[in-house]
Structure formats: C-alpha cells, structure tokens
C-alpha cells in the first residue's frame, strides 16, 4: 500500500515552521492515541502520524525527504511494524529524538514518561494559601480614603507543636512506603506496553512523613483556625473592583514556609449626587431661565466641598462645565481628576401675574421669535395666558 505524503499526514505545507509541525503533531497524537481513541483505524493513524513527525521534525531527515521522497528516508523512520514496544528504545516508539513527545504522554498519563513534570519536595517549606476578603465601602470613603478594622478567619501555625503536627516531645517519621518523597510508582499495562506512573502516596497523603502521635491541639494538621483583626488603610481614590494586597496575612505555610497574602477587594456603594468614571466625577446643577440668559455665579457641590461656578450669559441647557482638580485622587500618581457639571435649566410649572407680565414684555421686546411659526411666540403666549 502506498504511503501518504508526510506533509499531508500532519496537515501542514512544505514551508511549515518547526513550531507548526510540533503543534500539528501534538494535536493529532492526542486525537488518535489508542488509549484515548478506540475507533477502528485510530491505531494505524497514530502510527502514521508518529512516522511523519519523526521525519519532518528532524532537519536532516526532512531535507532528504524533500529531495528524494520516501526513498530518502526508507529504513530510517523507525516505525517498520515493530508495534508498541517499551519506551526504553527497544520498540518503535522511543521518546528519544521527539522534541515534545514526553510532554504529550505526560498530558495523558501524568508523570509516566521520562520522569514527567518535576514534583515539589513535600518536606520543603511551602508558602501558605492566599485569601480574599470583600470590603464594602461608601462612595465618599473611596474618594477620601479611611482606616477601618476587619475581622476574618485564617489558619495559623499551631502554638503547641510549632507546625509539626506531632505531639510535643515526638516527631513525624519518614513514610516507609514512599521513603519521604510523597509519591509512589504505579505500574500500568497499556497497548503501548508497561507504563510506570507516579501518583500521590496513599499512606502519607503526599506529605512524605507519618505522624504516629498527633498533637492534641491541632489534631495533626500543624495549623489551627483563628480569627484575625487587622486595621486596613483604604487608599484615597480606590475604585469599585480594585484590590490591595496585605503581605503575610493569608494562610499559614507548610514546613516552616511563609504565610500567604490577603487580598482585599473593594465594593463601592453608589452616590445619589455624584457619578464616577475613573478619576472623573459627574454631577448636575439646576439653574433658572434667568440665570441661563443673564449669567450668574452659583455654588455647586464637589467631592471635596462646595465651590463657585460661573455661568456665562446665554448658557444653553445641558451645557457641561469642567472643574479642574475637583475629581478623584489619582491612586497611582499625584493630583486629582476633574469634575464635570451639567447645568439643567429649570422651567417653572407655575408663574404669578408679575412673572407673566415680565415674560410678555420680554416677548414684546423681540425675545420670543426663535423659528418661523404660523403664530409667533407672542401670539402663542397670549393664547396660553388667555386659556385658548
């Protein structure tokens, strides 16, 4: 039976980079691996993929294949029907020379191939777990900052056994099953042959040691749960969803390792008066028709206190004014953001006779015609006042 083109087998072109060839191989090797794919023909496709990869990932073999085709690599591919022998070089699937071959099988079988991924020494010092704490604060506290106390529960080193987990005067002993490594080797029979896989020791639970006489305070854990009260400084300018890290305020470490960290996530309550986007504050200020037309100086609230705002004559409704430096403190810099004030021209729902008279005089003076109408503003105003 004619052999397929190796480039077609991997689904790459002749100009494919080494990285593209590796990616294609990893994908197909996982897809057709006999332990994962039990469909008819998967085993043959798996052999074909490996044969193509062994040639194309090797620069010398690839050059010979590109020049002479199959004749240039016959007898070199190493997959001449030897089956699924062992992985020590006796069978056709030796992991030697296959860049990320061991990684692929490591994904499938854990640490079975070439020792797998490195394991942490179970007796070495290990940093404790980090903790999260959500703090809800008022809008103005986020702007100005504050100090406040929080109480939470964390694990701490047992004061009785100093974290060993053993009763005072005794010590943990080395596990006789894993010899202190925390892992044991399990042998599996697969279509690829006998595979040795490392897994957590079922006697010591991966600790590498056994406690024969547990501490009565922590019951062998080496840690106790304890409530902790801390003073937290809320930074001025903190925003909703942002967090700060308090080093060493998390869970206790193992084997004398350092404590983890505490991350405080802030939830900021909304304000009825202000709206915030980053370091910019938004607010509204009501003004009368006369103030908009004639201009005025008004007092507006900012997050830092009231300030004067000059309204120029002829100000239109919904005009925005910027108050520089009246926004949120910049948490990672200096100075403040700005505040943008939108003026809202308030039209009175009811007016007295004198106000009506004044408006009529205003219209008579030519202040009413804004756009052509069948009736001018004065006529319509008269109709309105006369109830027509």
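Even glycines carry a Cβ here, placed using N, Cα and C.
The domain 'J' annotation in Swiss-Prot covers 5-69. Under DSSP, residues within the domain 'J' (5-69) fall into helix, strand and coil as 46 helix, 0 strand, 19 coil.
As annotated by Swiss-Prot, zinc finger applies to 145-227, with the evidence given as sequence analysis.
Sequence-distant neighbours of the repeat 'CXXCXGXG motif' (158-165) (same chain, 6+ residues past either end, Cβ-Cβ under 8 Å): 171-172, 211, 214-218, 220-224, 252, 254-256. What Swiss-Prot records for 158-165 (among others) is repeat 'CXXCXGXG motif'.
Residues or ranges marked as Zn(2+) 1 binding site in Swiss-Prot: 158, 161, 215, 218. All protein chains included, residue 161 (Zn(2+) 1 binding site) registers 26 other Cβ atoms within 10 Å of its own Cβ.
Beyond the repeat 'CXXCXGXG motif' (175-182), the same-chain residues lying 6 or more positions past its ends with a Cβ under 8 Å from any Cβ of the stretch are 119, 121-123, 200-204, 206-210. Under the heading repeat 'CXXCXGXG motif', Swiss-Prot lists 175-182 (among others).
The repeat 'CXXCXGXG motif' annotation in Swiss-Prot covers 201-208 (among others). According to DSSP, the secondary structure content of the repeat 'CXXCXGXG motif' (201-208) in residues is 0 helix, 0 strand, 8 coil.
What Swiss-Prot records for 215-222 (among others) is repeat 'CXXCXGXG motif'. With DSSP states grouped into helix (H, G, I), strand (E, B) and coil, the repeat 'CXXCXGXG motif' (215-222) comes out at 0 helix, 0 strand, 8 coil.
The predicted model assigns the repeat 'CXXCXGXG motif' (158-165) a mean pLDDT of 92.
Here the repeat 'CXXCXGXG motif' (175-182) has, by DSSP, the following mix of helix, strand and coil residues: 0 helix, 0 strand, 8 coil.
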